[in-house]
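Student: Please find one structure pasted underneath; my questions will follow.
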Amino acid sequence: MCGLKPIIAPSILSANFINLGSDVTLLFLNQCDWIHIDVMDGNFVPNISIGFPVLHQLRTLLVDKSKYFFDCHMMVANPEQWVATVAEYGGNQYTFHLESTKDPKNLVKLIHAHGMRAACALKPQTEIEQVLSFADQLDMVLVMTVEPGFGGQSFMPEMMSKVRKLRQLYPKLDIQVDGGLGPETVNVAAEAGANVIVAGTSVFKAKDQAKTIQTLRDAVVRHTSKL
Ligand SMILES: O=C(CO)[C@@H](O)[C@H](O)COP(=O)(O)O
C-alpha cells in the first residue's frame, strides 16, 4: 500500500471550445479529478492555445465552480510573469517548464506564496538530475511523454526510465505523465510509478468517457499499489 492518490486530469486542449463549459462540466460528472489546462504562448512552444480569459471564465461561470481543480500547464517563455494572474483567475496548480526558467527554486517559492501547488515539467530531452536539487520543494513533477505543443501525438515509452528513477527517489511525490496517454499506454506509465495521468485525445474521443476515466484510474490504482 503506497498511499499515492490516483489523479486523472483530462487535457481540455482536446475539448470542443464552442461548448467548453459543458465539456468541462461533463468531465467532472464523469469523475475526473482535475482538468489540465494547457497554456501555450507561441514562443516556448510552436503553438498558441488558451489563456487567462478562458481560465477566468471557467472559474467564474461554471456551476459548482469552487470544487474544480485547475491544473495549469504553463508552456510559456517567462513563467515568473504569469504566476499572480493564474492565481487570481483560479489556478490550483502552476506547472512551469524547467527549460524556461533560470531560477526554479525562487519560482517554486513564488507559486507557493500565491497559494498554488507548484510543479515542474521536463521536456523529453531534459534529464531528471536537473530537478533533484529542489524536487523536495515541489508538489509534482511532470514528465512529458511527447514534445510539448500539440495534442494527439504518440506516447514515448522511453520516458518511463525517468518516471521510474523519480519514483524510487520520491515515493510520495505526485508524478504526472502527459502526452499520448490512454487505456493502451496507461499501464506502462503507472507501472513505472506515475500516479497523475493527463489524457486529451483518448478521453475526448472515447465512446464512453466515464468508462475511459475509470479505466485510467483503475490502472493507476492497480500498479501503484504494488510499489
Ligand atoms: O501538453 C500537452 C501537449 O503539449 C498535452 O496536455 C496534450 O494536450 C495531451 O494530449 P493527448 O496526447 O492526450 O492527445
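Just so it is clear, glycine is given a Cβ too, placed from its N, Cα and C backbone atoms.
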Student: Among G51, G90, G180, which residue does TrEMBL name as a further substrate binder in the site formed by S11, H73, G149, F150, G151, G152, G200, T201?
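Tutor: The one candidate that TrEMBL places in that substrate site: G180.
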Student: Figure out which of D139, D174, D178 sits with H36, D38, H73 in the divalent metal cation site per TrEMBL.
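Tutor: Looking through D139, D174, D178, the residue TrEMBL assigns to the divalent metal cation site is D178.
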Student: Which chain neighbours of the substrate site, leaving out S11, H73, G149, F150, G151, G152, G180, G200, T201, have a Cβ atom within 8 Å of the mean position of the site's Cβ atoms?
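Tutor: So the additional residues around the site are L13, S14, D38, V146, Q153, D178, G179.
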Student: Based on the record's binding annotation for substrate (S11, H73, G149, F150, G151, G152, G180, G200, T201), what whole-number value in Å is the widest Cα to Cα distance?
Tutor: 17
Student: Cβ neighbours within 10 Å, counted over all protein chains: which one of the binding-site residues S11, T201 has the most?
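Tutor: The residue with the most neighbouring Cβ atoms within 10 Å is S11.
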Student: So if I draw a 10 Å sphere around the Cβ of H73 (divalent metal cation binding site), how many other Cβ atoms end up inside it?
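Tutor: Around the Cβ of H73 (divalent metal cation binding site), 27 other Cβ atoms lie within 10 Å.
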Student: Pop the Cα-Cα gap between D38 (active site, proton acceptor) and H73 (divalent metal cation binding site) into the table, whole Å please.
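Tutor: Cα of H73 (divalent metal cation binding site) to Cα of D38 (active site, proton acceptor) measures 5 Å after rounding.
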